[in-house]
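Student: Dropping the structure in here first, questions after.
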Amino acid sequence: MALESTIISHGMPFPQNAQTAIEVEETIRKQGAVPATIAIIGGVMKVGLSKEEIELLGREGHNVTKVSRRDLPFVVAAGKNGATTVASTMIIAALAGIKVFATGGIGGVHRGAEHTFDISADLQELANTNVTVVCAGAKSILDLGLTTEYLETFGVPLIGYQTKALPAFFCRTSPFDVSIRLDSASEIARAMAVKWQSGLNGGLVVANPIPEQFAMPEHTINAAIDQAVAEAEAQGVIGKESTPFLLARVAELTGGDSLKSNIQLVFNNAILASEIAKEYQRLAG
């Protein structure tokens, strides 16, 4: 099963980023699945990184190019290092025949997108590429309502794992519903198999709520997000730099509590994704 690398370079500070990535891989192995962290190293699309390569991405941080679908050919052609987003991780996973991918949260429609058209390329990738993405919902710095509408328009199933309410990354619930609730990894794997065997191309989103003991109080996280969004607007932070800026600022404003929650939800998603990957492999033979 696949893991992305932007979470290492842009999602968390060093050394927590590299430590978390290495520990997540070990957690997946303990579940009986095979982890494959995806990145571009020296212009090579790599499916599975060494400990040294993970630490390189962690140390270099924002100096590593953040690579989505648009950027992929140029980073490879230039022989550079690149950290893959949800979109580019899905592309490379699909090329390698990997059907399940665990991450923290998907990108989505940014707040104010009705004026800026700032919509993550992750959503179009989900509409077209046959990979299941296990996450804690869309990142709560986004417009969750518009993100669910966008996914619906492009026919992307939004599955709530043991929940009808869409998880909001740091929080277990939001005011928005998922498109369907499924309660087991085997149900999700069967839906994946039927979808793709029927010629219905595109991914699936499995929204897995953060464990209750690691969830943040809604008022605390929302206040931090609102302040971070206002600061981003005032400083003119836009495009692919906005999500790393917002996550880092929210971590500062919450005294590091959001970073702790972020790390725990990644472990939680990796465990569920491992179970789904094993069930799907059993069905696919």
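In case you wondered, yes, glycine gets a Cβ from its N, Cα and C as well.
So TrEMBL says this about it:
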type	residues	note
ACT_SITE	Glu4	active site, proton donor
ACT_SITE	Lys139	active site, nucleophile
BINDING	Lys66, Val86, Ser120, Ala121, Asp122	substrate binding site
BINDING	Asp118	Mn(2+) binding site
Student: Restricting to the same chain and to sequence separations of six or more, state which residues have a Cβ under 8 Å from that of Ala121 (substrate binding site).
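Tutor: For Ala121 (substrate binding site), the qualifying residues are Ser68, Arg69, Arg70, Thr85, Ala87, Gly107.
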Student: How far is it from Ser120 (substrate binding site) to the residue listed as 'active site, nucleophile', counting Cα to Cα, in Å?
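Tutor: Counting only the Cα atoms, the answer is 11 Å.
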Student: Residues other than Lys66, Val86, Ser120, Ala121, Asp122 within 8 Å, Cβ to Cβ centroid, of the substrate site?
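Tutor: Output for this site, in sequence order: Ser68, Thr85, Ala87, Ser88, Ile106, Gly107, Glu125, Lys240.
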Student: Relative to the Cα of Val86 (substrate binding site), which of the recorded positions Glu4, Asp118, Lys139 has the closest Cα?
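Tutor: Checked the recorded positions Glu4, Asp118, Lys139; minimum Cα distance to Val86 (substrate binding site) goes to Glu4.
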Student: Could you state the whole-number distance in Å separating the C-alpha atoms of Asp118 (Mn(2+) binding site) and Lys66 (substrate binding site)?
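Tutor: One finds 16 Å between the Cα atoms of these residues.
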Student: Expressed to the nearest Å, what is the distance separating Asp122 (substrate binding site) and Lys139 (active site, nucleophile) at their Cα atoms?
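Tutor: Their Cα atoms are separated by 12 Å.
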Student: Taking the residues the record says bind substrate (Lys66, Val86, Ser120, Ala121, Asp122), how far apart in Å are the two Cα atoms that sit farthest from each other?
Tutor: 13
Student: Going by DSSP, is Lys139 (active site, nucleophile) sitting in a helix, a strand, or coil?
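Tutor: In the DSSP reduction, Lys139 (active site, nucleophile) maps to coil.
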Student: Is Val86 (substrate binding site) helix, strand or coil when read with DSSP?
Tutor: helix
Student: A 10 Å Cβ contact count, applied to the recorded positions Lys66, Lys139: which residue has the minimum?
Tutor: Lys66
Student: Would you please pick out, from the binding-site residues Asp118, Asp122, the one with the fewest other Cβ atoms within 10 Å of its Cβ?
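Tutor: Minimum Cβ neighbour count within 10 Å, taken over the binding-site residues Asp118, Asp122, occurs at Asp118.
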Student: By the DSSP assignment reduced to helix, strand and coil, which category contains Asp118 (Mn(2+) binding site)?
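Tutor: Assignment for Asp118 (Mn(2+) binding site) reads coil.
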